[in-house]
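Marked as active site, proton donor by Swiss-Prot on the basis of sequence analysis: 115. The feature phosphoenolpyruvate binding site is assigned by Swiss-Prot to 22, 23. Look at Swiss-Prot and you will find 91, 120, 121, 122, 123, 124, 304, 326 tagged as UDP-N-acetyl-alpha-D-glucosamine binding site, backed by sequence analysis. Residues or ranges marked as 2-(S-cysteinyl)pyruvic acid O-phosphothioketal in Swiss-Prot: 115.
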């Protein structure tokens with residue numbers, strides 16, 4: 001198991017290229033199950049979860065090969081079982097459920113794992129698929145689903161679930177008749193999945209709105225598709241510029257998809273602008289100011305940026321309040337930031353952050369993916385040395401983050417614990 005050792009206090013200056021989106025790539029790769037012809041994906045990040053997904057696809061009968069940032073998938077002899085040994089490490093593995101039911105009429109998927117940041121129940125997925133004709137039972141830790149042929153249905157989500165929207169979107173492409181997803185997730189990654197499915201021959205309208213209509217088709221063909229840039233990785237690097245007092249140019253950076261984050265960072269005293277070369281981020285003269293953040297489904301402030309922005313709040317003048325509305329138990333990074341000198345108090349789903357003059361390096365432990373990123377950011381700004389342990393969480397969502405940061409002036413080394 002590795003850790004990161006960070007020598008803080010260095011302003012970051014230079015250019016960083018934003019990788020492809022993990023949260024877009026995972027469902028799109030799972031959608032390979034739906035196609036009957038070879039597929040080629042470009043701009044794919046080399047992450048643990050992506051490698052796990054490729055292994056899972058190969059076991060399911062869709063051999064997947066990585067070369068550079070390209071993944072090639074050859075759907076052939078499909079099998080219905082997603083085994084526990086792979087599924088236990090990754091929550092997104094449940095996304096193979098809808099495609100398997102659509103193609104084979106059966107699926108045997110182990111209950112998934114991933115970050116421990118709340119319940120994230122799969123019940124919404126199962127209830128919706130049942131409306132399309134699927135039947136489920138739980139047996140020895142496996143979700144076993146069966147259907148003759150999925151039928152189009154009108155499905156209303158009580159909450160705009162991203163994973164549920166993606167699973168049903170994929171399943172509905174091969175269902176008989178029309179499926180309507182109401183109160184659907186509007187996240188850019190859902191839109192990217194829909195665009196990919198359309199490139200394969202699916203008939204989808206309304207993606208990016210709260211009502212998506214899918215007209216089932218008999219089959220999907222292959223295509224070549226470029227994965228969208230990772231808005232959360234990009235947002236993390238924007239915060240890195242602000243927290244270190246540096247100046248970074250992000251190439252391949254999404255803009256509209258980051259609007260809610262950019263508005264808050266600018267309100268805190270950063271200057272972020274779109275240029276012909278990319279997105280430029282730096283701290284304005286006058287220092288950082290506190291602000292309030294409430295996490296919401298897209299187009300609101302993303303829960304996946306909450307921990308990173310909280311690190312910035314720790315060094316901002318005044319008081320900031322974070323209200324977490326998406327996941328319970330997503331303040332596990334707070335105690336570690338407090339170890340570094342932060343002044344944070346938690347009350348239910350709210351955290352009150354009072355800015356301090358400096359953070360001090362300390363040994364800290366990552367609890368989930370985005371908490372890991374917040375601790376790295378805090379370490380970049382801290383006086384002294386920070387040891388971030390259990391960075392296997394970090395490797396699930398960031399493509400060798402220490403190499404990208406070191407290229408713009410950071411002093412980070414990876415060591416075995």
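Note that Cβ sites are derived from N, Cα and C of the backbone, with glycine treated the same way.
Quantities reported herein were computed from a predicted structural model and do not represent experimental measurements.
Residue 123 (UDP-N-acetyl-alpha-D-glucosamine binding site) sits 23 Å from residue 22 (phosphoenolpyruvate binding site), taking the Cα positions as reference. Counted over every protein chain shown, other Cβ atoms within 10 Å are most numerous around 22 among the binding-site residues 22, 91. Cα to Cα, residue 326 (UDP-N-acetyl-alpha-D-glucosamine binding site) and residue 23 (phosphoenolpyruvate binding site) are separated by 16 Å.
Of all the binding-site residues listed (123, 304), 304 sits in the most crowded Cβ setting, with the most other Cβ atoms within 10 Å. According to DSSP, residue 326 (UDP-N-acetyl-alpha-D-glucosamine binding site) is assigned to coil rather than to any helix or strand. When other Cβ atoms within 10 Å of the Cβ of residue 124 (UDP-N-acetyl-alpha-D-glucosamine binding site) are tallied across all protein chains shown, the result is 19. According to DSSP, residue 124 (UDP-N-acetyl-alpha-D-glucosamine binding site) sits within a helical segment. Of all the binding-site residues in the record (122, 124, 304), the one with the smallest CA separation from residue 22 (phosphoenolpyruvate binding site) is 304. Residue environment of residue 122 (UDP-N-acetyl-alpha-D-glucosamine binding site) contains 20 other Cβ atoms, counted within 10 Å of its Cβ in all protein chains. All chains included, 20 other C-beta atoms sit within 10 angstroms of the C-beta of residue 326 (UDP-N-acetyl-alpha-D-glucosamine binding site).
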